Every structure is written in C-alpha cells, then in structure tokens.
Amino acid sequence: MAAVMDMTNEDTVLVAMESTACEPHHAVLPELSGVSSITSQSESAEVPEQQQLRVYLKVRPFSEEELKSNEDQGCVVLEDSETVALHAPKGSATMKSSEKGIGQQVYKFSFTQIFGPKCTQTEFFEGTISSQVHDFLQGKNALVFSYGVTNAGKTYTIQGSPKDPGILPRALDVVFKHIAGRQYEHMDLKPYLSSDVQKLDSEQVKVEKNAKAALFSLLKEEPEPTRSSRSRSSTSSVSSLSFSNVSYDHTVDSADGTADEGHCFYSVWVAFYEIYNEHVYDLLQPAHTSKTKRRPALRVCEDSTGNSYIRDLRWVNVQNADEASKVLRVGNKNRSAAATKMNQSSSRSHSIFTIKLIRIEGADVQGLSDLSLCDLAGSERCNKTKTFGERLKEAGNINNSLLILGKCIAALRNNQSYRVKMSYVPFRESKLTRLFQGMFCGRGRACMIVNINQCASTYDETLHVMKFSAVAKQVLQVIPQRSIESLAPRLVGLDGKPLLKNGVIDDQAVDEYLSEEELLDGDEADMSILPQEELVNLVESLRVKLLAERRKNLLQEIQIRKEMGDAMLQQIMEAEELHSRQLVDLKESYEEKMDSTFEMYKEALKDHAYQCALERLEEDYIPIDEFNEEQERVKELEKLVFELEQKCRCSAPQPIMQDNSMQTSPLPATESESERFKMLYKEKCAVEKLCVEKQELIVSLERRISELNETLQEAGESYMEKLEEVQNLQNRLSNQEQKTECLQSDVAAKEEEINRLREEIAKLASESVGQSRPRCGLLVNIKESSTGSLCRTIKKSVRASTLRKKPS
Ligand SMILES: Nc1ncnc2c1ncn2[C@@H]1O[C@H](COP(=O)(O)OP(=O)(O)OP(=O)(O)O)[C@@H](O)[C@H]1O
C-alpha cells in the first residue's frame, strides 16, 4: 500500500515528521491551485508573492563499498522528476511496523524537482539555486539548507569536490563573474548587525586587512589536504577546493544588469560559522591554543528591526572567488580542529556560510543582500528509533535546532490552515531558527535540499527525512516584491550610529539609534524606554503571543506524548525483535554446539571402530603364502574325501531315493544281494527301532530312578528328623528318671526322719504321761511346732511319692 506524503490535515502536520497518515495526493490541489492564483495576482498587483517552499531531492549514487555490500534493495524508486517512492526493505523498522499493521510498506513523496544519482553538480546548480543567486545579485536575500542523514551527500552538494564543485563555489563564481569590473576595492564598508553597513576608518581598514592576511596565512602553514573517498567531516571535503573548475554560463548575468547598475560597485563579505550544541562558533576565529579554553561561543542578538544577527562574527572581505575559497578552507580547517578539541563530529553541527553583497553607488550604500548556505547536521540524531533518553538529550542540545526547525515548519504549514487562530512558530527556541526566522517571514526566499542515499541500511532514517520534507514542501513563503532601494541599509559610523539620511546627518535618527543600541545590548531589549503607544501595542502583541504560547504548549504536549508513545512502541518492538533474534541466535548456537558434539562423538566412534577393526585384522592376519598353502591342503583333503566317498559308494550298495524323503535305500546290485540287503536293512531298522525303544525305556527308567532317588532322599531327610526327635525325647526321659531317683532318695530320707521323729514323739509322750503337768511353756511349743512341721513334711513326702508313681 502506498501513501503520498503531502500533508493535508492539521493533525498530520502537527505531528510533522512522524505522521503516517495517508492522504490522497489530489486532496491538496485546491490549496495549491489557490496558491498559484495568488502568485499570478501578486505578480501583476506587485503585492507580496506567496510561494511554496522549494524542496529539491538529491539522490546520491551508491559508493563502491555500498555496492559491494549489496545495499541496493530497490528502496528508492524515482517515478518521475517530481515523485519518488520509498519501498521498505526487509528487516527495516518500517517493514516490521507495517507487518504489524502500523504504517505502510511503500511511501510516495513529491518534490519541487528530483535529481537522480546520475545528475551532475552543474545540472543540480542550474536546476536549484541558480535563480536564487540571481535574486541575491538583485538585492534579495536567500537561504539554502541541505537536510539529510549523515553520509547522504549534504556537504558534497554544498561544497563538492575539487574536480566537481558544489553549489557554494558555483554561487560564488556567479557572484564574482557578475560583479567583475565593478568590484569595490576598499574595505571601508563592512556589514553591521543584521542588515546595516558600517563605515570604517583607515585604522579599522588596516586592522581588517591584517586580519585577512593572518587568516590566509593559516593556509600557508599547512599543505592542502586531499579529499578522501569518504569524508565524514566536511573539512576534508573541500579543504583543497578551488573554484577553477566552475564553468557557468554568464549570459544571463550580463543580461540581468540594469542600466543604472553600471554606476554601482559591489563589496563582497563572507562569514563562516557553525551551530553546535546550541552554541554559535566562528569558524574563522583561530582556535584557542590553551587546552582548557574552548573556542568562544557567540551571541545571537536582534537589531532594531527585529532581525537576528551574530554578535562579533568575523566578516572577511573577499575580492574574488579564490579568496572566498580560502575562507572556506580556513573555516573547514577550524571546524575539524574544533571537532577534535570539543569531541564533536562534523555531522553533529550545522555549518553556515554566508555571503553579504553591499551595493554602493557613489558615496551611498544602496543595498545589502545576503545568501546563506547551511549544511545541517545529520538528521538521524533525533531519529525516533533512538533510545528515548538519548533522544530527549539530543533534542535538548545538539539537535534542538533540527527539532525546532521541524516544529517551525510544521507550525508555518499549520498557520496556513488555521487562518483565524494562528499557532505560535517557535523560531526563538533554537539558534538556527532564530537566525533564519526572517527568511521564513518575508525577508527572503528559502529553499531546502533533501539529500538521501539509497542504502537499505539507513532506510528508516531516510523515510524520516522524507516525511519532514513533505511537511516543508507545504510551507508557503511570502516573497516581498521589494526593489533594491527599499532594502537600502543604514550606514553607521564607528560606534554604529547612522551617519547619513539622504546624504545629510540626521540628528534625530542618531538619537533614536542611540536608544536602539542600548536595546541591542543584550538578547532581550529594554522595553520600558519605548513610547506608551508602542508599549500598548507591545502588551497586545505579548498577550497574543501568550495565547499562542499556551496553544503551542498544549499542541507540543500532545505532540510529545504522541512522540513518546511512538518512541516507546518502537522501542518495545525493537526490544521484542532483539529478543526474538537473540533467542534464534541462541537456539542456533546450541544447535550448532549439539551438532558439533554429535559429530565429535560420531568421529570418535568411527575412530574406535576403525582401531578395533585394525586390531582384529592384526590378530586374524595370516600371511598370504601360509593362507595359500592352507587352501592347497584343504583342496587336497577335499579331493581325498571325494575319492574315498567314491570308493565307498562303489564297494557299498548304492542307496536309492525313497518317497522323495532324505532317507536313502540301497540299490540292488544283484538279486541275492538285494535280498540280503533288504533283510539287513530290515534288521537294521528293527535294531534301530529296538534301540529307540530301549533308549526310551532307559530314559523312563532313569526318570523313575531319579524320582525314587528324590523320594528316598526325602524319606531319609524325614527319617533323620524323626531320629532327632526320638533322641530328644530319650534325653528328656533320662533327665526325668534322674530327677525321679533323686526324689525317691529324698523321700526315703524324709521317711527315715519321720520315723525318727515319731520315735522321739513317742518317747516324749511316755515321759509326759509320767509327769502329768499342764501342757505349757517351751516344751509344748516345741512339740506343737514339731508336730506342725512334721505334718507338713509328711504331706510333702506323700505328694512326692504320688508324683513319682504317676508317670509309671
Ligand atoms: N552526487 C555524488 N556523487 C558522488 N559521490 C557523492 C555524491 N554525493 C555524495 N557523495 C559521496 O558520499 C560521501 C558522503 O557525502 P557527504 O560527506 O557529503 O555526506 P554528508 O551528508 O555531508 O555527511 P555528514 O552529515 O556526516 O557530514 C562522500 O564520500 C561523497 O564524496
């Protein structure tokens, strides 16, 4: 599905670079046709012209390395001179997002003009900024900025190579060829503030000359470096640049010259600076030698007209293209020096080369125009695919300018739709937009060069650039139809005070200017000195600004939220992708490991089997001679066996096949022999049968014997058990007999005792009868006790005898 990125609804514009909204191309046509009618009317009525911002696309050819690494995936397709289609390559974030239903796989963009990879620098210059250079010569201001990801060819487009100069050397060449013979050779008129000219005295002119000589001497100290095939730093790209190769058709220029231009003289001044990390650095200022001291950052101020300028920026008067080239080389050199010192890379700063052309007629300064060529930092730095924190950090410093530029462009485009309530254009939020605010507000004409490469690896960043440019293309610029006279700058003295008005000193103007100078002292002017009416106006404008600010904040918040959401979604998707890729990698690595281990084991097994086979071979090895001998012997033996068999067959009756069975029967040699053989055979069969029967009998007998043996063994075992039992009983019996004998002897002893005791009793009884005394005292007790124990003893003895009698 393709989407044409011509923004038509305000939301799309507000989310500028990140919008994936797809609106039909024709939807913007009414607005554009409206523009063209305005243009034609304006031209006739001499009212300010409105013009779409010109956005050119330049597609860089593939480098050899890129071709080797198969970068070409047909990502960039030039459909015609104004339309290009971007096809998401496999593996790009855009492709992945589209697979998940977010965004499209193919985007279409339209440009003012597209220049393909085969386009030459001359064709490009002619097709793009040539007309702006002519306007510049006519007193109009112009801004050209190149935008794109790093390595897209921005620097090459602007500065070019020694053999093939870019648009800057070509523009300078056009300028110098145009003013040839009308060069203002004195250096006493110098650009001042944003659009004024300062009159220098002889001392100052001397200072200027010395400064210029010192600047150029920097180049003499070092040999001219040669440009490498791929230089990331813009320094190397044109350090050795010379404009000698510029060839340009000047017939147009000469035709441009108006009749009264013949009396005019021109003074050309150039400046070269960069914006890095929201600081402006003069690239023509020699870098500090001290390690601790950095190159001083310059201040951006506004003059009384509200136009921005860079305070203390060095302007160098150049008399020809060669001198301009030297200035560019010095700047490039300093830029690289600054890069090393401050640890910045060239693609992270915006470099701006500005040419100021002062038109002088007699003693009067008739006009001043400027042409700026801005090589923007690589746009990928604020790409949404970056990590969130990093992106925020970059938005806060290095790429703030690009972010704000995008916002300004979106707001400008937005204001075209919101005609009632204008949204605030945040020009003042970055140095870059602050400096070029005027160019978007009628002070001149801007154009944008979008540089892209065709690499699949940078597709997502390139798409981002294209979306940005799609918004930029929708911006309508107000191009004032002012004559060069109306732009006449003020001529100011040494202290910056205006000296002349219509050739005479204007005291009131001088006073006014004094107050303005005070205003200019800082970034923010002191408003309290303004008249009451102006203050009221100021308050009113501030109120409008405040409202606009509120609105802007709200929109910004929405935009930031959306950007955050998009960034987070992108991050999540990337993390998911990364994890799944890691998982796949892990799986693959494990599989590989497993495969290699498996192979290792397989090899080890093979080795082992081979070794075993070898060992076995060694064991079984028989020398060939021995083997042959053995074979011979086997053959001989076989032969012998065969002969013996033959002999046997001949001597013995031949067997015949019976009933196709394996058993053979003798073949009758003669009748009697046959009979005999049959009989023998029968006998043999009978014997064999008998043998079988006997054998069976033997087997059954053996079986019987073994059974009997088993029974015998069992009986023996039970006999032994019984025997043991009997033995035990006998032992017990003998024990009992012994015990009985003991008891009997005891009983006998007791009986003897009883008898003795009876005798005693009887004796005692007889004695007691003789005495007849009462039975009392010790003797009675003894008698009783003796009687008791005696009774017990008798009882026991009786019981024992009873027991002894029982077993018997
Ligand atoms: N039209 C072209 N023809 C041939 N080579 C080109 C062209 N455009 C760019 N190149 C080459 O591509 C490389 C990158 O170009 P360049 O340095 O201009 O990129 P860049 O966008 O300025 O990068 P950065 O932002 O990092 O400074 C250089 O080697 C340059 O010579």
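Note: Cβ is positioned from N, Cα and C throughout, glycine not excepted.
These come from TrEMBL:
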- 52-475: domain 'Kinesin motor' (DOMAIN)
- Gly148, Val149, Thr150, Asn151, Ala152, Gly153, Lys154, Thr155: ATP binding site (BINDING)
- 691-767: coiled coil (COILED)
### Summary
For the binding-site residues listed (Gly148, Gly153), most other Cβ atoms within 10 Å of the Cβ sits at Gly148
### Query
What is the Cβ neighbour count of Ala152 (ATP binding site) at a 10 Å cut-off, with all protein chains included?
28
### Query
According to DSSP, which kind of secondary structure is Gly148 (ATP binding site) found in, if we only use helix, strand and coil?
strand
### Message
Using DSSP and collapsing to three states, where does Thr155 (ATP binding site) fall: helix, strand or coil?
### Response
helix
### Message
As a check: which entries in Val149, Thr150, Asn151, Ala152, Lys154, Thr155, the binding-site residues, place their Cβ less than 6 Å from an atom of ligand 1?
### Response
Thr150, Asn151, Ala152, Lys154, Thr155
### Message
For the binding-site residues listed here (Thr150, Asn151, Thr155), tell me which residue's CB has the most neighbouring CB atoms inside 10 Å.
### Response
Thr155
#### Entry: Confidence summary for the coiled coil (691-767), mean pLDDT rounded
90
